[in-house]
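Novice: Per TrEMBL, the features are:
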DOMAIN    A:5-78  domain 'Glycine transporter'
DOMAIN    A:91-163  domain 'Glycine transporter'
TRANSMEM  A:6-23  transmembrane segment
TRANSMEM  A:30-50  transmembrane segment
TRANSMEM  A:62-82  transmembrane segment
TRANSMEM  A:89-107  transmembrane segment
TRANSMEM  A:113-136  transmembrane segment
TRANSMEM  A:148-166  transmembrane segment
TRANSMEM  A:172-191  transmembrane segment
Amino acid sequence: MLYLTIDILGTIAFAISGVLVAMEKRLDLFGVFIIAFVTAIGGGTLRDLLIGNTPVGWMQDLTYVITIFISVVFAIIFVNKLKYLRKSLFLFDTIGIGLYTMVGVEKGLEAELLPVMCIFLGTMTACFGGVIRDILCNEIPVIFRKEIYATACILGALSYFLMIQFPVKDEYAYIAGILVVILLRLLAVRFKISLPNIYKKQVQ
Amino acid sequence: MLYLTIDILGTIAFAISGVLVAMEKRLDLFGVFIIAFVTAIGGGTLRDLLIGNTPVGWMQDLTYVITIFISVVFAIIFVNKLKYLRKSLFLFDTIGIGLYTMVGVEKGLEAELLPVMCIFLGTMTACFGGVIRDILCNEIPVIFRKEIYATACILGALSYFLMIQFPVKDEYAYIAGILVVILLRLLAVRFKISLPNIYKKQVQ
Amino acid sequence: MLYLTIDILGTIAFAISGVLVAMEKRLDLFGVFIIAFVTAIGGGTLRDLLIGNTPVGWMQDLTYVITIFISVVFAIIFVNKLKYLRKSLFLFDTIGIGLYTMVGVEKGLEAELLPVMCIFLGTMTACFGGVIRDILCNEIPVIFRKEIYATACILGALSYFLMIQFPVKDEYAYIAGILVVILLRLLAVRFKISLPNIYKKQVQ
C-alpha cells in the first residue's frame with residue numbers, strides 16, 4: 001500500500017513538472033499532455049524494460065493514465081496563477097526524483113537484483129523522465145547541469161541499503177531514503193554544492 | 001492476412017518517407033538506408049518492447065527487411081523525378097500513420113490490453129518512427145508541429161473501438177479506423193485546423 | 001571464455017572512448033562517469049532489449065560495472081598525459097566497434113536468429129553506444145559522418161558468416177571478424193574512403 005501510494009505521488013509530481021516545462025515553452029494542448037505523460041512514465045518504462053517487466057507497469061493498470069490526466073488538467077488550470085514557475089518546477093521535480101528513486105529500488109529488489117543494480121535502477125527511474133522532458137523541450141537535461149542531481153538519488157538509495165543493515169522497519173528506511181534524496185537536492189541547490197573539478201586549472 | 005498486408009503497406013510508406021527526408025538532407029547512401037529503416041521499424045519496435053513481444057517483430061521474419069530494402073532502392077531511383085518532394089513526403093507519412101495506428105491497436109488487443117492502452121499503443125506505433133526520423137535528421141518532430149497529427153491517430157483508433165460496439169465486421173471497422181486517421185490528417189492540414197489555445201491572450 | 005574476454009575488452013575500450021569525449025567537452029565528474037557508462041553498455045542494452053534477454057546483461061553480473069568503474073578512473077588519471085586525444089579516441093572507438101560487432105553476432109546466434117538479423121544485431125551493438133555518447137555530448141553521431149563506420153561492422157560480421165561456411169574453427173572466424181571491422185575502419189579513414197554518391201551532380 002505504501003509503495004503504491006509513493007508511486008502515484010511520484011507520478012503526480014512528475015506530470016506537473018512536465019506541464020510546467022511544456023507551458024513555459026508554450027507548447028499546444030497535445031504537446032503539454034505528451035510531455036507530462038512522458039515525464040511521468042519515462043523513468044518507470046525504462047526500468048521495466050531493463051528488468052523485463054512487460055507489458056510495462058502503466059499499461060497493465062488504468063491508475064497511472066487517469067492520475068496523469070487529472071494532474072495535467074489541474075496543473076493547466078492553476079499554472080496561470082503560479083507566480084514562481086521556475087521554483088514550483090524545481091520543487092515538483094525534486095519531490096518526483098525522491099519518490100521515484102525508492103520506487104525503482106523496490107522494483108529492483110523484487111527482481112532480485114544486487115543492491116548496486118537496485119541503486120542504478122532507482123537513479124534511472126528518477127532521472128530518465130526528466131531527461132526526456134528536457135530533451136523534448138530543448139532544455140539542457142537537468143542531469144547534466146552543474147548541481148547535484150543524480151548524485152542525490154544515488155546517495156538516497158545507498159542510505160536505504162545502509163539502514164536496512166540495522167534493525168529498522170523497512171517502511172521507515174524506505175521513507176528515509178526518499179527524504180535523503182529530496183534534502184540533498186534542496187541543500188545542494190541552496191548552498192550551490194557541486195561535484196569536484198577533475199580538470200587541471202587553466203587561465204581562462 | 002489483412003493485418004499482415006496492412007503492416008507491410010505501412011512499412012513501405014514509412015520507408016519511403018524516410019528516404020525522402022534523408023535525401024532532402026543529402027545524407028549518404030548508408031544514412032538514407034538507416035533513416036528509412038528506423039522510420040519503418042521504429043514505431044513497431046517501441047510497441048513490441050513495451051508489451052514484451054520479443055525478439056521484436058521484424059527480427060523474426062525477413063519480410064520486413066526485404067520490404068524496406070526494395071522500397072528504399074525504388075525510392076532512391078525515383079526521387080530525382082519527384083517534383084513535389086514535400087507533398088510526397090506528407091502523403092506517404094500520412095498513409096503510414098493511418099496503417100500503423102491500426103496495426104498497433106491490433107497488437108494491443110492480442111496482448112489483451114485495455115482499449116485505452118490499445119489506443120496509446122496504436123498512436124505510438126504510428127508516430128514514433130516519424131519522430132526518430134525527424135530527430136535524426138534534425139527536423140522539428142512532426143508530432144510537435146502545429147497541425148493535428150497524433151490526435152488523428154487517437155481519434156482513428158477510438159472510432160475503431162466505437163464501431164466494434166455495433167454489429168460491424170471487424171475487418172470493416174479496422175479499415176474504417178485507418179481511413180479516419182488519414183482523412184482527419186488530410187483535412188486538418190488542408191483547412192489548417194489545430195488544437196485550441198490554452199494560454200492567456202497576450203499582446204506580443 | 002573467449003567470448004567473455006572479448007566482451008570485457010569491448011567494455012573497456014568504449015568506457016575509455018566515453019571518458020575522452022566527455023572530458024573534451026569538460027563535463028563534470030558525474031557527467032564523465034555517465035557518458036562512459038552509457039557508451040560502454042548502450043549497444044549491449046539495446047541488443048538485449050530487442051531479443052528479449054532481460055534483465056539486460058550488465059544487470060545480472062557485477063563484472064561490467066566494476067570494469068567500467070576501473071577503466072574510467074584510469075582514463076581520467078591518464079587523459080591529461082595524452083597528447084593526441086582525438087587519435088586515441090579514434091583508436092579506442094575502432095577497437096570497441098570491432099569487438100562489440102562480434103559480441104552482438106554471437107548473442108544473435110544464441111537467440112537462434114537468421115544470419116542477416118545477427119549482422120544487424122552486431123552492427124547495432126557496436127554502433128549504438130557511440131551514437132548515444134555523441135548525441136549526449138552534442139557531437140554529430142559517428143555513424144552519420146562521411147567515413148565508413150557501420151559499413152565496416154556489417155562487412156566484418158558478414159565475413160564471419162562467410163568463413164564459417166568453410167571448415168574453419170569458430171574461434172578463428174570470430175577473431176577474424178573482429179579484425180576485418182578494425183582493419184576496414186582504419187583503412188577507410190587512412191585513405192579517406194567513403195560511400196558512393198547517390199545525388200545528381202550539381203554546380204555548387
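Heads up, the Cβ atoms here are built off N, Cα and C, so glycines get one too.
Could you give the neighbours, burial and distances for every feature on this list?
Specialist: Counting residues of the domain 'Glycine transporter' (A:91-163) by DSSP class, helix then strand then coil, yields 59 helix, 1 strand, 13 coil.
Note on the transmembrane segment (A:30-50): residues 7, 11-12, 14-19, 21-23, 56-58, 64, 67-68, 71-72, 75-76, 100, 103-104, 107, 121, 124-133, 136-137 of its chain, located 6 or more positions outside it, place their CB under 8 angstroms from a CB of the stretch.
The list of residues near the transmembrane segment (A:113-136) in space but at least 6 beyond its ends in sequence, with Cβ under 8 angstroms from a Cβ of it, reads 14, 17-18, 21-22, 34-35, 38-44, 46-47, 50-51, 93, 96-98, 100-105, 107, 142-143, 149-150, 153-154, 156-158, 161, 181.
The list of residues near the transmembrane segment (A:172-191) in space but at least 6 beyond its ends in sequence, with Cβ under 8 angstroms from a Cβ of it, reads 2-3, 6, 90, 94-95, 97-99, 101-102, 105-106, 126, 147-149, 151-153, 155-157, 159-160, 163-164.
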Novice: State the residues, same chain only, that lie 6 or more residues beyond the ends of the transmembrane segment (A:89-107) and have a CB under 8 A from a CB inside it; answer 'none' if no residue qualifies.
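Specialist: Counting only partners 6 or more residues beyond its ends, the transmembrane segment (A:89-107) has Cβ contacts under 8 Å with 3, 6-7, 9-10, 13-14, 16-17, 20-21, 24, 43-44, 47-48, 51, 53, 118-119, 121-127, 129-130, 142, 149, 152-153, 156-157, 160, 174, 177-179, 181-182, 185-186, 189.
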Novice: Provide the three-state DSSP residue tally for the domain 'Glycine transporter' (A:5-78): helix first, then strand, then coil.
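Specialist: So the counts come to 63 helix, 0 strand, 11 coil.
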Novice: Looking only at residues six or more beyond either end of the transmembrane segment (A:148-166), which have a C-beta under 8 A from one in the stretch?
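Specialist: Distal contacts: 97-98, 101-102, 104-105, 115, 118-119, 122-123, 126-127, 142, 172-174, 176-182, 184-185, 188-189, 193-195.
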